[in-house]
Amino acid sequence: MGGYVLAIDQGTTSTRAIVFDGNMKVAGVGQKEFTQHYPKPGWVEHDPEEIWASVLFTVGKAITAAGITAKDIAAVGITNQRETVVVWDRETGKPIHNAIVWQDRRTASYCDKLKRQDLEKLFTRRTGLLLDPYFSGTKLSWMLANVKGARARAAKGELCFGTIDTFLIWRLTGGKSFVTDATNASRTLMYNIASNAWDEDLLEILRVPAAMLPEVKDCAADFGITDASLFGATIPILGVAGDQQAATIGQACFERGMMKSTYGTGCFALLNTGTDIVRSKNRLLTTIAYRLDGETTYALEGSIFIAGAAVQWLRDGLKAIKSAADSGALAEKADPLQEVYLVPAFTGLGAPHWDPDARGAIFGLTRNTGPEEIVRAALEAVCYQSRDLLDAMHKDWRNGNGKETVLRVDGGMVASDWTMQRLADLLDAPVDRPTILETTALGAAWLAGSRAGVWPDREGFAKAWARDRRFEPAMDEKTRSGKLKGWKDAVRRTLSAG
């Protein structure tokens, strides 16, 4: 057995498997996209069997690319799209319905009904979350109500509920392990983040039988052993975290006040608040950053639904660019005198507005506006929304360590120097891009590798984190203030109550 660690990164649009060597460098990668199902407007589903097949395929690819065998792998770490719900038969392991994805909005009216019953404060107090279709609990409730016989079977213990990590662990271990980790549990609307246990009162409101829920473990723990028939050898599963928490770990944000932001399909910013459960007054989420050695570390989280997805829209919808890589160069050519704002509320607005009925809009168009100005507006929208999150976080929690805010970034969009410089300018804060951009997979791998004893401990891992480049703010205050005012005006005009 070598110092190799396998990370399975099961995302929203694709599955990636990455083999890291003993020096925490990428040795082999496998990736496979899978089908997005849209049965009705606002509904998004995945086929759990297709996801499972993609995991087997990508793991095989990654091991082959690394030039090793499964016997050389010391441990497996899993990270996953959060909130997405799978329910399967405990005997056969077969799903009873497609997975309902985090983006799915079918339970919006149910969430509104719970709000009218004045239950949002209770859910927020217990879980740190808001009553929004984004989270798992109402999706599970919908499945139990709409799949024939599901609720009765669940009460008898015949069905299992899980986020994607739980389903994959079940399959990888041949049905021997029915477990999740604290970060994934904290996104379900059913987990009490203070007591670190499933909340019986919330389960009763959502009409979810406790018999169908998995055991909750630390992020670095013994989650089971892979079935030897899958990869040719047994491998212990020793690390699990939801994707944004895994990225926080991969960015070595272990100290209070450290902050990371991931720019993928959406944008997710997490601020480490240590052992303090900070209750947001600005509609941010209070969530579990990680739980290690029985100690829970908390975070404030801001979720933006559309980030890289806006660039995809420019490419696939408007045909304004040929590839996402062109966006920074085009934005650089935009007329600096034209102030165009794009509010990408394609599926409503996330934090800190949480307005599912807001709709996208472009403001400031003139006869001279061209593709360059639209592209710049799309990239700037990501930066403006990040500023909204940072402002809300500062209101909720003043930096406890007295240091300036430095944002560590990762995800596909951070390869653009132009976007990262504009982000630093509009945040008025330094932005650090790491040398390893696979931070989500790296975080899952570190959880497993450190548990296996083949990778460094927390302190050693933090020291090994390396910066590729720091982007310092270079915009003058007058220009920045004017731009931020224009953005706030644009957002106000897109809000459903505006």
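A Cβ is built for glycine as well, from the same backbone N, Cα and C atoms used for every other residue.
Features reported for this protein in Swiss-Prot:
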BINDING   T12, R82, E83, Y134, D243  sn-glycerol 3-phosphate binding site
BINDING   T12, R16, T265, G308, G412  ADP binding site
BINDING   T12, T13, S14, T265, G308, Q312, G412  ATP binding site
BINDING   R82, E83, Y134, D243, Q244  glycerol binding site
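Sequence features, as recorded in Swiss-Prot, placed on the structure.
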| residue | record | Cβ neighbours (10 Å) |
| --- | --- | --- |
| T12 | sn-glycerol 3-phosphate binding site | 20 |
| T13 | ATP binding site | 13 |
| S14 | ATP binding site | 13 |
| R82 | sn-glycerol 3-phosphate binding site | 27 |
| Y134 | sn-glycerol 3-phosphate binding site | 27 |
| D243 | sn-glycerol 3-phosphate binding site | 26 |
| Q244 | glycerol binding site | 27 |
| G308 | ADP binding site | 19 |
| Q312 | ATP binding site | 14 |
| G412 | ADP binding site | 16 |
Quiz item: Can you tell which of the binding-site residues S14, Q244, T265, G308 lies nearest to E83 (sn-glycerol 3-phosphate binding site) in space, using Cα positions?
Solution: Q244
Practice problem: Excluding R82, E83, Y134, D243, Q244, please set out which residues of the same chain place their CB within 8 Å of the center of the CB atoms of the glycerol site, keeping sequence order. | Solution: Q81, T84, W102, R187, G242, F268, S303
Practice problem: Consider the binding-site residues Q244, T265, G308, Q312, G412 and say which one has the Cα lying nearest the Cα of T12 (sn-glycerol 3-phosphate binding site). | Solution: T265
Practice problem: Show which residues of the chain containing R16 (ADP binding site), separated from it by at least 6 in sequence, have their CB under 8 Å from its CB. | Solution: I8, D9, V29, G30, Q31, T58, A441
Practice problem: Using DSSP reduced to three states, classify Q312 (ATP binding site) as helix, strand or coil. | Solution: helix
Self-check item: binding-site residues near Q244 (glycerol binding site), in sequence order, restricted to S14, R82, Y134, G308, Q312 and a 10 Å Cα cut-off
Solution: R82
Quiz item: Three states by DSSP: which one describes R82 (sn-glycerol 3-phosphate binding site)?
Solution: coil
Practice problem: Return the single residue from the binding-site residues list (E83, T265) that has the minimum number of other CB atoms within 10 Å. | Solution: T265
Quiz item: Closest of the binding-site residues to T265 (ADP binding site), Cα to Cα, picking from T13, R82, Y134?
Solution: T13
Quiz item: Helix, strand or coil: which one is R16 (ADP binding site) in, per DSSP?
Solution: strand
Quiz item: For the recorded sn-glycerol 3-phosphate site formed by T12, R82, E83, Y134, D243, which further same-chain residues have Cβ atoms within 8 Å of the site's Cβ center?
Solution: Q81, T84, V101, W102, R187, G242, Q244
Quiz item: Which of the binding-site residues Y134, D243, Q312 has its Cα closest in space to the Cα of G412 (ADP binding site)?
Solution: Q312
Exercise. Could you say whether, by DSSP, G412 (ADP binding site) belongs to a helix, a strand or a coil region?
Key: helix
Quiz item: Among T12, R16, T265, G308, G412, recorded ADP binders, what is the largest CA to CA distance in Å?
Solution: 18
Exercise. With glycerol as the bound species and R82, E83, Y134, D243, Q244 as its recorded binding residues, calculate the greatest Cα-Cα distance and give it in Å as a whole number.
Key: 15
